[in-house]
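Copied from TrEMBL, the annotated features are:
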- GLY11, SER12, GLY13, LYS14, SER15, THR16: ATP binding site (BINDING)
Amino acid sequence: MFAVGLTGGIGSGKSTVADLFAARGAAIVDTDLIAHQITAPNGVAMPKIATEFGASFVAADGSLDRARMRTLIFGDEGARRRLEAITHPLIRTETERARHEASGPYVMLVVPLLVESGSWKTRVNRVLTVDCSVETQIARVMRRNAFSREQVVAIIARQATREARLAAADDVIVNENASVEELGAQVEAQHRLYLSLADA
Ligand code: ADP
């Protein structure tokens, strides 16, 4: 099935834009959701995480103790890499599975780290980047997550640059001061393009 990879920095508006594509009939596969599912109770990543990090990182219900893991990897780049060595391949496998089970005119994979991590770009037909300024990202995420400015800046610093995401894009949705109507119009135009490419 024709596949679009949707990416963008934190707070750029990926979820908002994905919802607008879903409303038009695109099948959405969200890798953040899958990342959460594999570390939910009995998630496929949990046995490996228990072996690698110890049972103390598994909560009573069998899910990942997220607070504990966050604290560990915050100051420990090696631990972060060990966690990602477990989760990233599983996210890829589960995403491929969901993608093959999806039904619709085309599938849209929401991949926040499309530019940062591995071969995503080669596994989709088209890359769509949601773009906005860093200041807008900061303002949105401070409001949405009740984070401090420093927290948001630190997250953004770990992600690819705006320029790198734009360079990777076939298509761009500009979500800077965009009203719901403007955003909808941009999504509509892209959706029509993807319908025709999927059909070809
Ligand atoms: P992402 O999924 O990329 O992190 P979201 O879609 O969650 O971003 O958007 C971040 C926040 O900004 C959300 O609270 C969302 O409602 C808000 N937001 C996104 N786009 C706009 C916009 N054009 N106008 C106003 N608020 C927006």
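Including glycine, each Cβ sits where the backbone N, Cα and C put it.
Please treat TrEMBL annotations as automatic predictions, because they have not gone through curation.
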Original post:
What other residues of the same chain, not counting GLY11, SER12, GLY13, LYS14, SER15, THR16, have a CB atom within 8 A of the CB centroid of the ATP site?
Top reply: GLY8, VAL17, VAL130, ARG140, ASN175
**OP:** Tell me the Cβ neighbour count for GLY13 (ATP binding site), meaning other Cβ atoms within 10 Å of its Cβ, over all protein chains shown.
**Re:** 23
**OP:** Measure from the Cβ of THR16 (ATP binding site) and count the other Cβ atoms within 10 Å, all protein chains considered.
**Re:** 17
**OP:** Starting from each candidate's C-beta and looking 10 angstroms out, tell me which of the binding-site residues SER12, SER15 has the most other C-beta atoms.
**Re:** SER12
Original post:
Within 10 Å of the Cβ of LYS14 (ATP binding site), how many other Cβ atoms can be counted across all chains shown?
Top reply: 23
Subject >> Close in space, distant in sequence - GLY11 (ATP binding site), Cβ under 8 Å, 6 or more apart >> reply: CYS132, THR136, GLN137, ILE138, ARG140, VAL141, ARG144, VAL152
